[in-house]
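Shown below is the structure under consideration.
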Amino acid sequence: MKLLSVAAVALLAAQAAGASIKHRLNGFTILEHPDPAKRDLLQDIVTWDDKSLFINGERIMLFSGEVHPFRLPVPSLWLDIFHKIRALGFNCVSFYIDWALLEGKPGDYRAEGIFALEPFFDAAKEAGIYLIARPGSYINAEVSGGGFPGWLQRVNGTLRSSDEPFLKATDNYIANAAAAVAKAQITNGGPVILYQPENEYSGGCCGVKYPDADYMQYVMDQARKADIVVPFISNDASPSGHNAPGSGTGAVDIYGHDSYPLGFDCANPSVWPEGKLPDNFRTLHLEQSPSTPYSLLEFQAGAFDPWGGPGFEKCYALVNHEFSRVFYRNDLSFGVSTFNLYMTFGGTNWGNLGHPGGYTSYDYGSPITETRNVTREKYSDIKLLANFVKASPSYLTATPRNLTTGVYTDTSDLAVTPLIGDSPGSFFVVRHTDYSSQESTSYKLKLPTSAGNLTIPQLEGTLSLNGRDSKIHVVDYNVSGTNIIYSTAEVFTWKKFDGNKVLVLYGGPKEHHELAIASKSNVTIIEGSDSGIVSTRKGSSVIIGWDVSSTRRIVQVGDLRVFLLDRNSAYNYWVPELPTEGTSPGFSTSKTTASSIIVKAGYLLRGAHLDGADLHLTADFNATTPIEVIGAPTGAKNLFVNGEKASHTVDKNGIWSSEVKYAAPEIKLPGLKDLDWKYLDTLPEIKSSYDDSAWVSADLPKTKNTHRPLDTPTSLYSSDYGFHTGYLIYRGHFVANGKESEFFIRTQGGSAFGSSVWLNETYLGSWTGADYAMDGNSTYKLSQLESGKNYVITVVIDNLGLDENWTVGEETMKNPRGILSYKLSGQDASAITWKLTGNLGGEDYQDKVRGPLNEGGLYAERQGFHQPQPPSESWESGSPLEGLSKPGIGFYTAQFDLDLPKGWDVPLYFNFGNNTQAARAQLYVNGYQYGKFTGNVGPQTSFPVPEGILNYRGTNYVALSLWALESDGAKLGSFELSYTTPVLTGYGNVESPEQPKYEQRKGAY
């Protein structure tokens, strides 16, 4: 279907608006469409019925992965992620936009460089990946403030409500962000097909109006005013029906919800609690939104991990390949057709962008690791499932039925959900009745087929389901005109090539399977041993039974070749689409899917294309890898791998075979301990000579924070003064009267924060932090103070990000950072006058390239010494491995060169060692803050930094702040640069984002 012209879209939008109901909300006009059909007038490219979306009139399954571009600040690597997601068999990515990174100052929207959205859109289009845009304004996402910029703490209104001050505060951001998204809509030739207004608008409390339909409508109208014309889709936090179509004002076009059924108990990864596998999603969908396709906008693909947690490898163990097998097939049993996995690639909470409930890594235990690696078994297992769905269009029109036990199998230990096709083609999802069972269960299937009701296996042997496993058995499955009456082995994919068809089946270890094909032809084994294979004719069908083997067998029945694989072997197979022209595949359609070939290629196959007689494969390798091409196009004569011609042979079955040799290159990394380290005391504020006259006076008698009243004479909430990120430093001046004996202070910086206090140059003590503690009370004994003498209390606080705001009305995002209360014995609280600082300039932040959150308030940060080429020549020598002999904060900087080989993707890590002392460190790499280490809290000790932030062939600048919170000081036990397996890659060059070097900052103090 043709794209609508800009004029046509404008005209139809005007018609739709003219037919709408208008009413007023706090001075703003709300547009409510009384008839959902009116929304269709905005565009006719993305449509839907009760079963699925249609794009350009073709029914489509959206298999999607969540990716946040802001968690990988190297735009030239975004295409790498899209390649790896497309290789899974996915066709879509969902993404958040983080408001806090784009409007650090009210009214000053900046989306440039690493924050620009257009390169993300361009990369998606090049990879042939559709996009679901989720700009918020609230996103949650385990980011600081849930995506709300810190200055919203000063808004005199309830967040995520119809309060006018809040709505006005969002207008500029949404107008700009949504406009950028609008330009990338499919109606403009871009990849964006759906738009999600708000995010998990699913809970309220505390007397605030919730749900507020007018608020939701306002959010949608903001997007429409910015020229968003694609359908609105929601992500209710649970299947509760909020804002579902037909619910009136604030209703979205398509209802969707989230689900994290296994939770986040990464400390106990083998525990699958009773009752956590959903079994009622289909029923709820029919109750809540029966006219729209069943949509899971966020389904668990990993888990977050808090400070002090067990680490993300444990989170992967919790949500691993067994989870994906059981839970994702269960989701398919409900007929899901928009299916987004959160997260598919997690990334990194660099530059203070995370919330206090998490640390620097946002690996999430995702299918793709933080280092963009695809070696996790979950990645491969999901690839098998996604390619099956892609090859099975009849899934989208099959009708899910009720969960059963004892109906389709001969045992009550198994449960089966059928999806019955209106035309031939049904699917039977089998799992353990006790979904967490780790037992292997033998069974026979009882299936209705076109050949009658059958008990399977019909030949010898029994079927088995291993523990924590699930299968989809197909019945009357169409392989280009050949009817697969049933298969107990799972389908990976099928293709029709010139002269024959190929069906790829796989099974688990020690399993027996059976396949029936409607055919009058005989069974011929054309590759592999016939050991363990039996076959017979029965009526107009042939039946084949076999034991799963790690050795491939190929059987031929007529023009159908059936590849019999074990699951681990199937992991090495890929199904790239061949572009009709050029080298990019374009968006998937039934036509492009039919053009696919099947390739066995090991670690990663990014894509394939045909150039005359040359078949080109673009792939990555982490070992010497045999390559096979199944279904090479007619006319293809030569094989090229990553641009290099590769010799190949062709066997009797037409399969091309070649091999890529892998020889790991020599990787030479500098010893960080041997660098020429320079040291600077970055806490000069405790010295008697320090001048804080340029600092902000904390003299507001009232806070603008409506959430928490003051317990101090003037506000000491950092956001009242424009400081929202990183370290905070306070200096309190008073004149002693000689009666002071102790000082009490309550500080707040979010979970796992720390604080330290000095009186003049005398260290009083620290709150060293705990994973559970968002704030801390400390009382410090004072020596006799001299009456009439001026004293200064210096307080350093680690702000680990602002809280999220999930529940409307709780206003948790407004939980302040800084000093909540204090008491100096013998003095009135007003006797102390305070000054404070955070990042230089606060909301007028200095580094526009790295954004508003990257820097905190340390002296070295305010000066910009964490950037490349600091003026360190005159600094004294000193290493973080020598550290500090007393409490304080040191700053260390050094440089080193890298010369890593081109054509290799080499994951690099900065490792701090397992040091449990009360010390905190910040890691800066070429000016980007890429790690916050907290020894006594943990768990993260290893910090991956991607190419682009690190210059793999050039000079790099590394800086560390080291904060000793105990009286005996602190040092790093170790500090090393390491790597893991180099990957020979066909990706191409990685371009570094801007890395502004040090320049003297005007007004720096």
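Glycine residues also receive a Cβ, built from the backbone N, Cα and C atoms like all the rest.
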Of N188, N199, N453, N466, which does Swiss-Prot put in the substrate site with Y96, N140, A141, E142, D258, Y364?
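Between N188, N199, N453, N466, Swiss-Prot records just one in the substrate site with Y96, N140, A141, E142, D258, Y364, namely N199.
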Would you mind checking which of C206, C315 shares a disulfide with C266 in Swiss-Prot?
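Recorded partner, per Swiss-Prot: C315.
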Based on the record in Swiss-Prot, give the one of C92, C205 in a disulfide bond with C206.
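When Swiss-Prot is consulted, C206 turns out to be bridged to C205.
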Which of the recorded positions N156, C206, E298, N373 has its Cα nearest to the Cα of A141 (substrate binding site)?
E298
Output, ordered by sequence, the same-chain residues six or more apart from N156 (N-linked glycosylation site) with a CB under 8 Å from its CB, or 'none'.
P165, K704, T706
What are the non-local neighbours of N478 (N-linked glycosylation site), defined as same-chain residues 6+ apart in sequence with CB under 8 A from its CB?
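Result: S394, P424, G425, I484.
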State the Cα to Cα distance, in Å, between N522 (N-linked glycosylation site) and D258 (substrate binding site), rounded to an integer.
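Given the Cα positions, N522 (N-linked glycosylation site) is 49 Å from D258 (substrate binding site).
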Can you tell me the CA-to-CA distance separating E200 (active site, proton donor) and E142 (substrate binding site), as a whole number of Å?
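E142 (substrate binding site) has its Cα 13 Å from the Cα of E200 (active site, proton donor).
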Measuring Cα to Cα, how many angstrom lie between E298 (active site, nucleophile) and C205 (disulfide bond)?
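Between the alpha carbons of E298 (active site, nucleophile) and C205 (disulfide bond) there are 24 Å.
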Measure from the Cα of N914 (N-linked glycosylation site) to the Cα of every one of the recorded positions Y96, N199, N622, N760, then give the nearest.
N622
